[in-house]
Ligand SMILES: Cc1cc2nc3c(=O)[nH]c(=O)nc-3n(C[C@H](O)[C@H](O)[C@H](O)COP(=O)(O)O)c2cc1C
């Protein structure tokens, strides 16, 4: 052993890098779209350059005001939201937000949502034609806009959309799936067949809140998306089922709040994770998770994240 070599099992020796198709990330801890603003809001709390990647709020072709209030409701171990993709549109995003994000020395994965396949393809091409992004995430799973999930529930539409976006854009393509389907495996296979570099899952679980005294729904949009620790078992199940169905690298999302949660998703088959709702109530969580991750990996006798991905043992003994 040379003077600088680290002993096996040492957290400092753990390789955190992950490869998702054509996308290389310095570590597997990313922050989820819609829960981290455009990162400016978080820069005084989080060392952005340490993150494995940042997913800014989904952008649409035209600016959108979003849904009428209320847009969020706290629920046991989670929250419901129906923001409705409130954003300034892709032209403003590329001109004003992407230059700042790109200067943070962290991979920026631009989340886009189109009203049609043409809009998805056009936006993927626009992001690819602009300097600054590392990849594009196709938000084919937003439950809070009309037609927001069509591409995420229909395997044929999903496959074609991913393939068309891939053909139109030089950057790696990630498909973000909704859990609100009968078979997550079928949609994951479709995203794989379309050539997705990675599949991220899950977006929010459809839910609702009611003010019975007024006999009214609480959310302006009536139906919303449930997120936070309440949905972690659903997300873990989805990652597990997708991992059984495809070879495409997976990014686990849903209720992740601690390093133990991160490890559960990696063991289930995720190569990386995105932290979402937890950023609202523990904004520095990504830093503490990153601090603890090497020791968690090393405790399994592994020297890299990759070694642990999908290491779940199903046989009882
Ligand atoms: C307030 C709020 C806004 C969100 N906005 C978006 C969005 O714009 N695009 C997107 O793909 N997902 C969006 N999501 C979904 C999250 O990225 C994530 O997939 C989901 O919340 C599950 O992860 P979590 O339980 O860790 O929050 C949003 C979630 C919340 C709570």
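The backbone N, Cα and C atoms fix where each Cβ goes, glycine too.
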Message: Suppose a student reads TrEMBL and sees 57, 81, 82, 83, 84, 85, 203, 204 listed for substrate. Which of 139, 279, 282 should they find annotated at that same site?
response: 139
Query: 109, 202, 210, 297: which one does TrEMBL list with 33, 57, 58, 139, 176, 228, 254, 255, 276, 277 for the FMN site?
result: 202
- prompt: Taking the residues 33, 57, 58, 139, 176, 202, 228, 254, 255, 276, 277 listed for FMN, what is the greatest CA to CA distance in Å, to the nearest whole number?
  reply: 19
Field: Rounded Cα-Cα span from residue 204 (substrate binding site) to residue 228 (FMN binding site), Å
entry: 9
- request: Out of 82, 84, 139, point to the one nearest residue 33 (FMN binding site) in space (Cα versus Cα); all of them are binding-site residues in the record.
  value: 139
- prompt: Across all chains shown, how many C-beta atoms besides its own are within 10 angstroms of the C-beta of residue 228 (FMN binding site)?
  reply: 24
Task: Just the binding-site residues from 82, 84, 228 whose C-beta lies under 6 Å from any atom of ligand 1, please, or none if there are none.
output: 228
- prompt: For residue 277 (FMN binding site), what is the tally of other C-beta atoms lying within 10 angstroms of its C-beta?
  reply: 25
Integer Å distance between the CA atoms belonging to residue 277 (FMN binding site) and residue 82 (substrate binding site): 14
